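K.L.:
Dropping the structure in here first, questions after.
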Amino acid sequence: MGMRMMFTVFLSVVLATTVVSTPSDRASDGRNAAVHERQKELVPSVITTCCGYDPGTMCPPCRCTNSCPTKPKKPGRRND
């Protein structure tokens, strides 16, 4: 096989996998509709679960007032 033939085969394989892996709009709308309906239940909101809105959370009160003490940096190249 020559280089031109190998390149043509490569392009056809890439094109075929792209066409096969791209879902059609009709099929994807039906599957994603159920996910979008319950998305609010699955994704917790940081604002509604912290700072006094929900007392059962593990959020420290200093986060609400931005008064948490800063942790000392560990020595290393990334902290320079």
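Even glycines carry a Cβ here, placed using N, Cα and C.
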K.L.:
Where does Swiss-Prot put proline amide, among PRO23, PRO75?
P.N.:
PRO75
K.L.:
Using CB atoms and a 10 A radius, I'd like the single residue among the modified residues PRO61, PRO69, PRO75 with the highest neighbour count.
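P.N.:
In terms of Cβ crowding, the pick is PRO61.
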K.L.:
Could you say whether, by DSSP, PRO69 (4-hydroxyproline) belongs to a helix, a strand or a coil region?
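P.N.:
In three-state terms, PRO69 (4-hydroxyproline) counts as coil.
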K.L.:
So how many other Cβ atoms are close to PRO72 (4-hydroxyproline), meaning within 10 Å of its Cβ?
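P.N.:
I count 7 other Cβ atoms within 10 Å of it.
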